[in-house]
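Have a look at the structure below, then the notes.
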Amino acid sequence: MHVAALQNHLAPLLVPCSRVYAACMAVRRRFWESPMSPAFRPSRPVVSVGNIAWGGTGKTPLVDWLLHWAGTRGLNPAVLTRGYGAKPPTVPFLVGSQHTAEEAGDEPLMLARRNPYAAVLVDPVRRRAGRWAEHELRPHFYLLDDGMQHLAVRRDLDLVVLRPDDVLDQWGRVLPAGSWREGASALKSATAFFVKSSPEVFEALAPVLEERLAPYGVPVFSFWLRPSGLLRVGGNEQRPHFDGAPYVLVSGVGGPGQVGETATRYFGYAPVRHRVFPDHHPYGPDDVRSLAQEGAQLVCTPKDAVKLERFAGLDLWTFDLQTVFGPAIGTAAPFPQWWDERWARLARERAGTS
């Protein structure tokens with residue numbers, strides 16, 4: 001039985017537990033946000049990118065876009081991330097392009113390679129990593145990855161990523177009766193909301209987005225991932241497409257359905273097979289042998305590529321992905337323009353308090 005169906009079936013038992021859990025999380029939030037809490041406030045601005053629900057929502061592409069934005073402006077940011085599944089030799093662990101996904105985690109390694117001017121720090125205690133960066137690196141600003149519930153580091157801006165389902169069937173459904181980590185009151189902290197969806201889906205969602213998110217008084221932006229080409233994993237070769245040849249899609253991410261839609265839209269035809277692995281899957285030799293026997297071109301996500309590149313002899317391609325912003329609610333400005341203006345205001349505010 002699917003998790004959501006099981007939660008619906010057990011709702012009479014789970015809903016009371018959810019209310020208790022949501023109340024505990026609200027108390028926790030009030031404690032960490034109080035002036036008396038031991039939360040760490042760096043001397044430079046902190047931008048949190050997080051989500052209300054568990055699972056993949058598109059946080060990493062948004063973090064990647066912000067890092068690219070910083071690089072084009074000569075800014076050196078520091079990313080504070082837990083590094084899901086990482087086994088770093090020391091903490092905090094400053095990720096470099098030479099490290100492995102096992103050491104750094106798949107997403108931190110991908111971010112570090114795509115943005116070499118950024119300091120990507122893996123540490124389950126992000127407050128400790130922030131203090132280390134404050135002393136050793138002096139970054140221009142901090143990005144708190146998956147930071148909505150990580151309140152031990154104070155933030156100036158809270159960018160909250162939502163899935164379409166979060167504003168539909170899962171709205172307000174807190175663990176264990178739903179997928180939300182906190183109750184709807186936590187959304188009051190948001191500086192802006194983001195929904196990873198195509199413009200068509202976002203337009204269809206607009207009425208419910210306005211009804212449920214308008215009370216928070218902040219803009220809602222849409223974004224999606226658009227491939228600009230294919231890159232050979234472990235090499236430098238590039239190509240635009242497979243010339244109509246069949247392909248097998250490989251993904252171990254939180255939203256495999258969206259990966260399939262992206263691939264089909266890019267190639268103009270669906271994969272002959274979609275090999276779906278769990279999120280953050282640690283690929284092993286058996287997986288690679290199975291993939292090598294597929295008999296078609298193999299294409300994977302960049303997140304999977306950093307884990308599969310170590311296997312020699314696997315003819316594998318990955319997407320060169322770009323984050324694209326679309327329609328918005330609550331502002332006439334496209335997100336890049338809104339962000340430039342919001343960042344300039346934050347920089348002035350922090351300069352005035354330093």
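Each Cβ is built from the backbone N, Cα and C atoms, and glycine gets one as well.
Some features that Swiss-Prot has for this protein:
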- Ala53, Trp54, Gly55, Gly56, Thr57, Gly58, Lys59, Thr60: ATP binding site (BINDING)
DSSP state at Gly58 (ATP binding site), helix/strand/coil: coil
Binding-site residues compared (Gly55, Gly56, Gly58) - highest count of Cβ atoms within 10 Å: Gly58
Listed in sequence order, residues not in Ala53, Trp54, Gly55, Gly56, Thr57, Gly58, Lys59, Thr60 with Cβ within 8 Å of the centre of the ATP site Cβ atoms: Asn51, Val161, Arg163, Gly254, Gly255
